[in-house]
Amino acid sequence: MSILALVEDRPTPKEVYNWKIYLLAAVASFTSCMIGYDSAFIGTTLALSSFREEFGFSTMSKTAVNLVSANIVSCYQAGAFFGAFFAYPIGHFWGRKWGLLFAGTIFTLGAGLMLGANGDRGLGLLYGGRVLAGLGVGAGSNITPIYISEMAPPSIRGRLVGVYELGWQIGGLVGFWINYGVSETLAPSHKQWIIPFAVQLIPSGLLLIGAVFLKESPRWLFSRGRREDAIKNLCWIRQLPADHIYMIEEIGAVDQALEEQRTTIGLGFWKPFKAAGTNKKVMYRLFLGSMLFFWQNGSGINAINYYSPTVFKSIGLHGANTSMFSTGIFGVVKTVVTFVWLLYLIDRVGRRLLLLIGAAGAAVCLLIVGAYIKIADPASNPTQEMTGGGIAAMFFFYLYTVFYTPSWNGTPWVMNSEMFEPNMRSLAQACAAASNWLWNFLISRFTPQMFAKMEYGVWFFFASLMLLSIVFVFFLVPETKGIPLESMDVLFESKPIWRAHATVLAKLREDEEQFRHDIEESGYSKTGEQQVEHVSEDLPKV
């Protein structure tokens, strides 16, 4: 079987897997490039001697430096927390496209504000810009996964939402290496540390340009009663005429799902809030979505992303450039493994099994690194060169990255984008994204203090959380690969959880065979014409 072989819930025409759907996902994923770059560059920028000298870090106590560094990093997450919620009304009333434009605009303003900071003006502009940039990425982290999942065919939905994760890793790769580059090529100066801040404008500028040409989500258009526009956009994205049986099935499934919503949750702005507080099924899925991000942050990945020099120093690496180089290798490993996850694992292996395997492997690696630090205590016993034990610890650190990246890094984003009804999706994604940024904030705010007080215990702490996540996923999280968005209710109601996917997929295939049989019996062409007669004049020629 080919590495790109797909698992389909029904026969899918080859036209559906076209370049347009990948292009739309790629353009929308410039939001994740912004997030990835911002998450990666800030830690090593704060470690640059030019930055520390300009803002007087050398005159501060170690405790004060840790506090200021934590504040600079964490105010970004605080902004992102609120940005995730601000995106909900924009996405609901004005659509996914305008939500992406809003995210790009706010982020660009924040990035521009940061460029005004210097030693004379102090850190105020940096704090303000980080908060604004956080608002932008919080909004983007809400809107982008929804936009992509609503356009994607079920068989490649994981792969397309995975493009969002790939953008995150590409941005991170640039962010991890840029400070190594400026430290090697530029003398310590204002220019040396301001360049990494200026590069933030590149992904946000590309997003603003590209989003202008994006097609609005057909499912959002259906939910707003703009049926003709919805079918027109869906035909453009699928590259199929509206009377094709695949289109009839998809439009029928969306209509049926919207009708069920009208009679259960409702389609108004406030209806999802009511459901979130009273509907046990919705509350349960919100709990699952938020907890996935709790366990993701419990892996310790963001402690590494934001404070990689501190992390590598705890293992025994010394020297700013050496830490930056090791951080760059960390970024390369994450990016390469993300490609494997995107092309092969997410839609072939699935979400649930990846989470289980990734948590087990990552936990073992973290325990080994923690045990080495406990025994060797490299911080108290520094050496000119790394010992054999230190090299082994670095190996298991990178092996941890190999286990974590194709499992917990992007999979929670994929699952949260697909497991809610259309009218709940914006609010649910806002809650999920906000929970991610809340846990992210706590990790980024207290990591320096944790390493100062707990030392090797930090590694054991994160390993313990990874082990607990295995129990959570096994008993509570169903597999969602290949299941249409409109069938998620049935999936989450199926028991036991570990057999739900096979049960629902078998039922979908049975219903598909019956549907096609009924269509053929009633006259396929006639049925197709009746389904789309009222919009045929507005359809594009594809």
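Think of each number as a place in line: the chain as shown, counted from 1.
Cβ from N, Cα, C; glycine included.
Look at the topological domains in Swiss-Prot: Arg159 and Arg352 end up on the same side of the membrane. Contact between the transmembrane segment (23-43) and the transmembrane segment (131-151) is present: at least three CB pairs lie under 8 Å, with pairs separated by 6 or more positions in sequence. Most Cβ pairs under 8 Å with the transmembrane segment (457-477) belong to 353-373, among the candidate stretches 75-95, 98-118, 353-373. The stretches the transmembrane segment (194-214) and the transmembrane segment (98-118) meet in space: the count of Cβ pairs below 8 angstroms, excluding pairs fewer than 6 apart in sequence, reaches at least three. For the transmembrane segment (160-180), the most Cβ-contacting stretch among 75-95, 98-118, 286-306, 326-346, 353-373 is 326-346 (pairs under 8 Å). For the topological domain 'Extracellular' (307-325), the number of residues in each DSSP class (helix H, G, I; strand E, B; coil) is 14 helix, 0 strand, 5 coil.
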